[in-house]
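Features as listed in Swiss-Prot:
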type	residues	note
BINDING	C352, H354, C379, C384	Zn(2+) 2 binding site
BINDING	C546, C549, H556, C566	Zn(2+) 5 binding site
COMPBIAS	304-319	compositional bias 'Low complexity'
COMPBIAS	926-959	compositional bias 'Polar residues'
COMPBIAS	1018-1033	compositional bias 'Basic and acidic residues'
COMPBIAS	1068-1085	compositional bias 'Polar residues'
DOMAIN	846-865	domain 'UIM'
MOD_RES	S738	phosphoserine
MOD_RES	S879	phosphoserine
MOD_RES	S906	phosphoserine
REGION	282-322	region 'Disordered'
REGION	764-808	region 'Disordered'
REGION	884-907	region 'Disordered'
REGION	921-959	region 'Disordered'
REGION	1014-1085	region 'Disordered'
REPEAT	45-75	repeat 'ANK 1'
REPEAT	145-174	repeat 'ANK 2'
Amino acid sequence: MGNTTTKFRKALINGDENLACQIYENNPQLKESLDPNISYGEPYQHNTPLHYAARHGMNRILGTFLFGRDGNPNKRNVHNETSMHLLCMGPQIMISEGTLHPRLARPVEDDFRRADCLQMILQWKGAKLDQGEYERAAIDAVDNKKNTPLHYAAASGMKACVELLVKHGGDLFAENENRDTPCDCAEKQQHKDLALSLESQMVFSRDPEAEEIEAEYAALDKREPYEGLRPQDLRRLKDMLIVETADMLQAPLFTAEALLRAHDWDREKLLEAWMSNPENCCQRSGVQMPTPPPSGYNAWDTLPSPRTPRTTRSSVTSPDEISLSPGDLDTSLCDICMCSISVFEDPVDMPCGHDFCRGCWEAFLNLKIQEGEAHNIFCPAYECFQLVPVDVIESVVSKEMDKRYLQFDIKAFVENNPAIKWCPTAGCERAVRLTKQGSNPSGSDTLSFPLLRAPAVDCGKGHLFCWECLGEAHEPCDCQTWKNWLQKITEMKPEELVGVSEAYEDAANCLWLLTNSKPCANCKSPIQKNEGCNHMQCAKCKYDFCWICLEEWKKHSSSTGGYYRCTRYEVIQHVEEQSKEMTVEAEKKHKRFQELDRFMHYYTRYKNHEHSYQLEQRLLKTAKEKMEQLSRALKETEGGCPDTTFIEDAVHVLLKTRRILKCSYPYGFFLEPKSTKKEIFELMQTDLEMVTEDLAQKVNRPYLRTPRHKIIRAACLVQQKRQEFLASVARGVAPADSPDAPRRSFAGGTWDWEYLGFASPEYRRRHRQQRRRGDVHSLLSNPTDLDEPSESTFDLPEGSSGRRPGASVVSSASMSVLHSSSLRDYSPASRSANQDSLQALSSLDEDDPNILLAIQLSLQESGLDMDEETRDFLSNETSLGAIGSSLPSRLDSVPRSTESPRAALSSSELLELGDSLMRLGADSDPFSTDTLSSRPLSETRSDFCPSSSDLDSAGQDPSANDNLLGNIMAWFHDMNPQSIALIPPAATTEISAEPQLPCIRDGSEGVRDMELVPPEDSVSKDTGVHEGERAQMEENPLEENILAREELSQAGDSSNEAVGRGDRPDAASQTPQTSSDWLEQVHSV
């Protein structure tokens, strides 16, 4: 039994199918006990009988194992190979693994046998899986080298097996560990026909997204901003332009051509001149004013014909010429040769009416055409500036001369047309028309991007040149930049700068050593000090020296003048001079090598792209051959003729982009270093390089391994990136959708302070200087400063006030609160102290945010009375905390009880409060006792004293009515304890109750206060109005902000009117003028 099994195994290993079949058929016990899925062990690389049967292509034994003994072709050996891997290995691959059967020397027969075996493996069905399907042979199984059966079949050149694998869904794009596809494996083994067949199937493979990508490719606008024109295209373009212009002006073709030639073939320019003065336009062009045709006719019906009989003389003919050719004679004389013109001779009709014989006409026209003046041939009559029509020239000269005339005419058309230029390549008869000059603001056109100053154009034969200088194409560089780059290459001689990078690194290291280290005084080794004293010891030569003066340390003792003798100025200066010279020399060397290294960086990449461009130019020749080969190979397999022009299109896109990348490095070299413009340019340049290299890898290969739709998508992406790159350079390296620059300050510019929420520095500086000079009257008499729209207000439309909405109301409310607080704490004895404090406060800089916050917090904590409208507005304003402090950005409203709501003011309004403090401290007349005693007690009580009901309804805490200035100075003392020493404390002196003072009551601290309160009926009326408005606000919450602002404006106006009505004539007569003026100024603020 064991002997039979051993013989059978040896027959399988040696590939002797006849012996193996004889042993297997003659031993029933072996047939029953043999399992084709059991490994032979490690000595045999864990191959199974099925592996050996597939390796040698034993179709009879393989069929028996698969369908009779439940063999599994997915079993793997030690190399992770299945039976299909070994089956697809040809004789060339298996030579090194053992002896081969003699029939394997015949590869054709072996190919068919292996194809039959492969067909059996592909038809095999295993156990039933969970999904209801049966196990199949893994057609894309990979071994340890990541090879699939298709890799081995392609490398072996087994065409039948390759076709079977591809038909059953073998992966054409699978890559092994060497990143080779089955096509690459066939190419390496010189199976060219098989490689070409695999390439065609790879390129034209079907993919779900292929149709969508090809549809986008077909719809892609492939137009360029230029158009190459052949000679026939030039003639057609000229004729179309003449016909369209003649039809538009209702003029003959000859007249339209003359008009266009006189206006540089620019139809828009001609129409502009025609609309201004048609007669002058025709006179300057050398033609007569055309007669408008009758209705129902066009310009073609008005063309003169040489066969029509001559009409009467034109009115432009001179009297002398009329006398020389009288109309009553049957024959006329030629004005050149003075011979009679035969009646049998075909007449030459001219619009001017001059007669010449046909011989003179031919001689004259031949001479003009030979001289090259084909586009400005005037009538040969004396002082006649009538152009000779084209039909006259064609009817007189010979055919050869007519052909030459047409060439000169086309040449004149191109040279006089600024939008058309000839190709500068020698022997090229083509021209280029720049079809897109400038950008389209609408942005609907895909070619609406702006053109560069020196765009590159192509005549259609692959001749690229610059539109401006007619030299080598160099976009995105302009002509001057390109010239500077070529001059830079000539000066630098980069072929001699081979070791610049190494020299630059050496110079940089030398500069670093000189800057951060000192040489040892003995062995000159660089030493860097990072800790310790000035006593240094060289780690190399053990030399002790001083770090300061670099001399021996034994010189630093008490006997030599002290340890720190070297710290004297003379010694240090001497050492620094020596090191400074070395550092300056190293810096110069480093800077020079740095510039050289920078040039070599750009020059190296410039040459790399140039070399790649030269290599990829060869693809233009091979692309057509590749297209024919792919088309022929696919036609043999599928019978169709596919579109292969995408290969040539992709090569053209690659070459255009490669040329732009080559010239982009000179452009970047001359950009300003470390600028935003250069950073954006380099980012876009890198992005363009990435997509370009990706397309080059797909196209620049002997055999294409990328599907058609992926090549098309890569080419479209490169074209899109190229257009975006050029458009950005033409715009100055800025994205197309860049937003407007924010309102910020640049070098030499100014901030828009109101936009940022601050008062302008000019506004603050002017008020600070006035307060420091003590010019309080100029502050009081200059109310326009508060209303300047250019500095402290927003720009509002016409018809609205110049200041910000609600600013006047807030200022008025703040002033009234401030003045009432000052009136409570006022006393004659403390007036001078308060004035001194205010003058000291004015010496501080209100630009300091601490001052502004102090005033705001004082308003928040003072607990002063304010009406409901002002309370609602102040509670909704933005706090100064939003400008950088720790306060909240918006103050929450607080119920009106023992604590007043917080008032949030802007910086400009806080400055107005400071101005009011100065006015209150500097003006002493309104608070004189004579002024207060001159008014009756009843009037003063009605104007200044609140009723008991008002005080109870207010619910104020007596402790909240502190001095405003005291709160400011106390808070500022906590923030700046040193600066507050300059400010004298405010003295609080009690005053005795006198009968002439109005409504004096005792406070909680013994200080007598007085308040300005409106009459009771007005208070109750206003309270009712505010309650009704609050109820309406709750019903309409969306309109609360708008209504509040409108009511605040009306309340400000009504308060001014109430003040005006409160000044009765009798009171004004009894009060001095200074008091009334002061009160009016207080209320106006």
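From the backbone N, Cα and C atoms, a Cβ is placed for every residue, glycine too.
Positions of the features from Swiss-Prot, shown on the structure.
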| residue | record | Cβ neighbours (10 Å) |
| --- | --- | --- |
| C352 | Zn(2+) 2 binding site | 19 |
| H354 | Zn(2+) 2 binding site | 23 |
| C379 | Zn(2+) 2 binding site | 21 |
| C384 | Zn(2+) 2 binding site | 18 |
| C546 | Zn(2+) 5 binding site | 24 |
| C549 | Zn(2+) 5 binding site | 19 |
| H556 | Zn(2+) 5 binding site | 21 |
Separation of alpha carbons, C384 (Zn(2+) 2 binding site) and H556 (Zn(2+) 5 binding site) (Å): 109
Same-chain residue ranges lying at least 6 outside the repeat 'ANK 2' (145-174) that approach it to Cβ under 8 Å: 82, 84-85, 87-93, 107, 111-112, 114-115, 118-119, 122, 139, 180-183, 185-186, 188-189, 191, 193-195, 197-198, 201-202, 205, 705, 707
Spatial neighbours of the repeat 'ANK 1' (45-75) far in sequence, C-beta under 8 Å, 6+ residues away: 9, 12-13, 15, 17, 20-21, 24, 34-39, 81-84, 86-87, 89, 94, 101, 104, 110, 113-114, 116-117, 120-121, 124, 126, 135, 137-138, 141
C549 (Zn(2+) 5 binding site) versus C352 (Zn(2+) 2 binding site) - Cα distance in angstrom: 104
Secondary structure content of the repeat 'ANK 2' (145-174), with strand meaning DSSP E or B: 17 helix, 0 strand, 13 coil
Helix, strand and coil counts within the repeat 'ANK 1' (45-75) (DSSP): 16 helix, 0 strand, 15 coil
Spatial separation of C549 (Zn(2+) 5 binding site) from C379 (Zn(2+) 2 binding site) - C-alpha basis, Å: 99
Integer mean pLDDT for the domain 'UIM' (846-865): 55
Whole-number Å value for how far C546 (Zn(2+) 5 binding site) lies from C384 (Zn(2+) 2 binding site) (Cα to Cα): 103
